[in-house]
């Protein structure tokens, strides 16, 4: 049995839903279908979820919401009409949109409930369409499916007991269409995952029903080895491990929701990234383990917006607890950091700039000076992180040398290197201005030169 | 005014003391002389401090101590007789050795007091000898000199008020000979620094009297760029910065006592490493800042006996405080660690193996499993650390590439790289078995090839 999740672009219009129907029809083992809300039909379009957020905001501000309401219903109407689905669906959606207004005394609950209408309506439309084309299908509400979540609106987590209930879905007849993105608390209150959380729903269902595979249908043929905005027509990745995917997504690969990998990872269920618009393309498969194919590096990811705090103190190294005290200050101030590499008498702490606003920076610098009495403390902003990721990196001689060679060739100064034992990645910190040059040089090395070597058999 | 400190080998015999006398006579600005206890005269010889420790142990165990007592007095007698110094000195030493027995109800005090007799007698002999050769000289007891220390026997620290008192030594006439290694608490109890602490005394005196230079006389012409047991006849270092010295000494360069650099560092007093047996040799100068001489790397140090603990947990990175909690366990257990580099979902902690005995290892692994619920946790022993040190490393493009090239050439796998937190060094972790090969390759690259390039003007 397979779980297939269809993203926003797959649910964006009637013509897209027709493709989804074909994909489901094509493989009888696609029994569990999880859907997002309708996404963009074209670049300037607005996603259904954003329209719903606008409506929720108008509700809360008690301003006129006729326009927002209308925009939402127009998109639903378009799909329902073009697919010739029963008009009763539209009445149902109108009713849902009106009903959430009652929650206006609780902002978080109202926003979660109004956003969920996108996925919920998607699921109802798809189920109706499947029945219309002769596939026995039911819409399954997440509560009925067993998605019982913690009471954290906008960032809910699955409760462990859910999986036993989800597993019972295996006994149901026909294709089950489940809206992604939300579930219910034990008290029956609707709560959502973090944004993009339909991937999480799919992964949870896959883990719960012990699916043979979790298919994630998007609008790309496969995952690229490098961001196509740096390198034109980069090579694609056919297979990678959960670990590799996780490290790539840390530094900007946004194909798959980060948290969403966890349930699949723990249940060891392979995840396939596929294209609704080209379902015959091979796609990208995420697995627990893979054979090495002679290529050392699987992908190169990068992200900007990092900064680094540097503290030095003569003989710091002899002060038991110095590092702990430093990190404690950040925890106290609610600032999460990424890494804390240390030298002999110094320590750097790497943050995402968004986690270290200027006012916090001031407080933290003061506290470090007063509590730790360092010789120097300073902050550098505008740092970019590059992750070179590949299972082939583990214990290979010369791996670091190949990578640093690429930076040297591109005339890029490395501000920071972090390579640890038994890791599938190397992390480099450089000035953001050098990023494109560095990425191109790394790509050239790992995907052009090395492939040429592999092909020539040397 | 200069402070000159003479180490154990310079005080080992009458013939060595004659050289010391010549050195002092040679430069009238050598006003403050700090001395160690007599060291080894030949390879199999026993240092005076070790003879004194044997005697102290016999005192404490209340066993017969005639043999140990005799061995000590024999060495003093040899020096006093050969230099034709007054016999009253020997009576004084005998008296000191007997008097410490009274402290036998307090092990730490007795051991500190008995060890201090080595340096104290050295100073008295040298002062007598200087007067004999026509140099106006006084023995100055550390209490009189102003060395007031914290009450931590065997590991005492200077108290801040001391410096004003030490400064008053400038007003004294003649050459002042001060025994190294010990001082007194505010209550007048004798306490010692950590072993090798005569360097600390010299550095404190230099800082207190604001010396123009602190000369440290040993038995080597200068500091080598690399351990001569790995490379025969390695090049020497003529000048390096405090920071460079500190990073080198962290990983095994033992020329100069680690803690001893601090007072000179804070007072910005240059430290010269010189050879008593070859005083005209240029030596090595440690300074606050130096001009770069075209050579990127100043020295390569290495040390074995490290181990690394590896913890991984999916999405660790999202758990605020994970790193702090991990480090907290070590602090709780009184285990000091060296570094804690982290990946995306993992963290390594590097220790000196001596700081992580097997019983502590077991407790710590248990606590990590129970308190942090990681996916995996493991410990690797037998790691060697290599420090490549040089002020020229700051912001040079290609530096990391040159270093990693050397490892690749030597067919050595790099387990860990840490660059960036420190500005003047790169740290590498490798298997201890690969150490010699790696060091030779790095030396070849940085001191043979690069020098050839500098000489050929390219």
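From the backbone N, Cα and C atoms, a Cβ is placed for every residue, glycine too.
Taken from TrEMBL as is:
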- A:5, A:6, A:7, A:8, A:218, A:219: ATP binding site (BINDING)
- A:49, A:119: substrate binding site (BINDING)
- A:388-457: domain 'ACT' (DOMAIN)
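Feature annotations (TrEMBL) mapped to structure.
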{"residue": "A:5", "record": "ATP binding site", "Cβ contacts under 8 Å, 6 or more apart": "A:33, A:34, A:35, A:36, A:180, A:198, A:199, A:201, A:202, A:214, A:215, A:216, A:217"}
{"residue": "A:6", "record": "ATP binding site", "Cβ contacts under 8 Å, 6 or more apart": "A:20, A:33, A:34, A:35, A:36, A:126, A:217, A:276"}
{"residue": "A:7", "record": "ATP binding site", "Cβ contacts under 8 Å, 6 or more apart": "A:36, A:39, A:198, A:216, A:217, A:218, A:219, A:276"}
{"residue": "A:8", "record": "ATP binding site", "Cβ contacts under 8 Å, 6 or more apart": "A:36, A:37, A:38, A:39, A:40, A:47, A:48, A:49"}
{"residue": "A:119", "record": "substrate binding site", "Cβ contacts under 8 Å, 6 or more apart": "A:35, A:36, A:37, A:179, A:180, A:181, A:182, A:198"}
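The full span of the recorded ATP binding residues, A:5, A:6, A:7, A:8, A:218, A:219, taken as their largest Cα to Cα distance, is 12 Å.
For the domain 'ACT' (A:388-457), the predicted model reports an average pLDDT of 84. Secondary structure by DSSP for the domain 'ACT' (A:388-457): 38 helix, 13 strand, 19 coil.
DSSP classifies residue A:119 (substrate binding site) as helix under the three-state reduction. The binding-site residues in question are A:49, A:218, A:219, and the one with the fewest Cβ neighbours inside 10 Å is A:219. Listed in chain order, the extra residues whose Cβ falls within 8 Å of the Cβ center of the ATP site residues A:5, A:6, A:7, A:8, A:218, A:219 are A:9, A:10, A:11, A:36, A:39, A:216, A:217, A:276.
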